[in-house]
Amino acid sequence: MLTGQHHIPGIESPLMVVLWRVAAGVFLPLVPTMAVFGNVLVILSVYRERNLQTVTNMLIVSLAVSDLFVAIGVMSFGVYYEWNGFKWGLGSFFCHVYQALDVACSTASILNLLAISLDRYIAIGHPISYAQYGARGGRAMISITIVWGVSCAVALPLLLGVNPMENDQCELANPWFNMISSIFSFFIPCIAMIILYTIIFRRLRQRERARSLRQAQRSETDKISSALLGGAQIARQMGKHFKNRTDQILLEISFQTSSFPTISESSDDGSTISPMINSFNNFLPKKSQYPSTLIPAIPECGSMPNLTIIERPAPPEKEKDIELSIMDLHDTVEMLDDKYTSAMITRSFGEELEEILPFIDGSTSVKNSREQLHATRSNTSTTRLLDVKPELRSISVPSIQDEKKMNSRPPENPFAHQNGTNKQRLLPNPGILMKSKSTTLLKTNGYLDTDSLNNNRNSHKKSTADLLPNDDYSFTDSMRVYKNRLFKSLSRATSGWNKPRPSRHMVKKATKQMRREHKATVTLAVVLAVFLFCWLPFFILHLSNSICLVIDSNSDCIGFLPLYLATWLGYLNSSLNPLIYTVFDQRFRNAFRNILSCGFFKKR
């Protein structure tokens, strides 16, 4: 039963007593009501919303339970004690229960905040370990069990009568118990939490700096990679164009000792070649004057897959003119060689690509082609004509890439590749066709013996071996060498980029999770700051008063009113935590709104 006494310790003025009573009658019941309402919302939100059922939120539920016990079991007795004029009329048992609940719930709140701080430290400082072991409900239950076990152990001496009640005053009057409990249940956990949150925010700051640095490096890396990959793409495209163009040009210069260059219908620069070749058309015999013999197609393993050769013997009176035409043709081919190798190839692909030209078409290169041209011209100028009739050939060579047809009907050079020591005998064996590994076909309508044929082949192999490496490379192989060299340089420039990159979904999920962890850390830091603001004055005054009483038990160190106000400031913290969650956490805010609206917003 409330006594209604107007005497308040520390207040002597009647006016102040009246104001105190009015404020206490309005304010004191409001604090526990808000605490019960808010913490029940927190518990229901985590219970109802699956996305809130995390380890951190389970610890928050434990904190809400301790605040709920403070509101129900501690604040209610505090309101009664104040309304009864600070006289305890419920007996010593309830006084001990009241004091034990006060100490246990306050200690549980502090230890729950410490457990949350440890959870935040592991989540921010060691995210991989947290993802593997920390984000489990079992660990949260172990932490909660330890928190409440320690809290009950700290409050157990009060139930055993360590703090006896005197003169109807239910207060914590044992100074030694007050000092020990304050140090171990508040100050040590507070120091640990401050250290942990300092490390956490330092890690967050370092992570933000590293993220900014990665973004800056990523922009530069993207520019470099775009340039390199773009260059590789351009090189591949130019390589295709170069292959098509080289197939046509090398077809012209490959017949330097056996026939005129062909007039390619698929040439990209026909206007350049045609005027040079047309000057020799006057020496060609008419198509209808001589019979032709069709030789079956010859499969070729290189840049020319098949050839169709048509023989047309030339009249004897044209032999001299054909020889002179061939001599002039070497100058034309040499000019074409200079034009398309040094000008176009070097300009398009750089000097590095010239190293690959020895592998193009199996047996020709820029330098060696020129040497062969000069050597052939010298040989043709000093060698007399044999009594072998020249012939005309019509060669149809499908292109490898675009399968365009290239046809020509120029007269053939009557001189095949010869070794200086070869001796020729005239035997009636016409139509012998020799095929080399390159695109040059050696064809004579004369007479060769077996030794001459073998020597010719051996000399060709020997000359080819000087031009080629150990293996025969087609144009595709040479371009593959260039591509491998290019991508090796790219791999050196982009070392470290070949690590497997996570999918966009995983990156997005990880980014979202990190933002959520950051927001949760900020929210809990605010909770810790508010907790320290509410409870630190009480424990400082409480510890100071206990030390003072230990030194001098008869002195009145700190008055009743400051301790009473500091106690209710600590109780106020239990009703502020749900407000903090509502302001700083969108998920809790949505959950509160769904509960208060009976799920109306969630259904919509």
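The backbone N, Cα and C atoms fix where each Cβ goes, and this holds for glycine too.
Keep in mind it's a predicted model, so treat the numbers as computed, not measured.
Per Swiss-Prot, the features are:
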DISULFID  Cys95-Cys170  disulfide bond
REGION    399-430  region 'Disordered'
TOPO_DOM  1-23  topological domain 'Extracellular'
TOPO_DOM  45-58  topological domain 'Cytoplasmic'
TOPO_DOM  80-96  topological domain 'Extracellular'
TOPO_DOM  118-141  topological domain 'Cytoplasmic'
TOPO_DOM  163-179  topological domain 'Extracellular'
TOPO_DOM  201-520  topological domain 'Cytoplasmic'
TOPO_DOM  542-559  topological domain 'Extracellular'
TOPO_DOM  581-604  topological domain 'Cytoplasmic'
TRANSMEM  24-44  transmembrane segment
TRANSMEM  59-79  transmembrane segment
TRANSMEM  97-117  transmembrane segment
TRANSMEM  142-162  transmembrane segment
TRANSMEM  180-200  transmembrane segment
TRANSMEM  521-541  transmembrane segment
TRANSMEM  560-580  transmembrane segment
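Other Cβ atoms within 10 Å of the Cβ of Cys170 (disulfide bond), summed over all protein chains shown, number 23. Sequence-distant contacts of the transmembrane segment (560-580) (same chain, six or more residues past either end, CB-CB distance under 8 Å): 8-11, 28, 31-32, 34-35, 37-39, 41-42, 63-64, 67-68, 70-71, 74-75, 78, 86, 106, 109, 523, 526-527, 530-531, 534-535, 537-538, 541-542, 545. Between the transmembrane segment (521-541) and the transmembrane segment (142-162), the number of CB pairs under 8 angstroms, six or more residues apart, is fewer than three, so the stretches are not in contact. DSSP assigns Cys95 (disulfide bond) to a helix. Averaged over the topological domain 'Cytoplasmic' (581-604), the predicted model reaches a pLDDT of 78.
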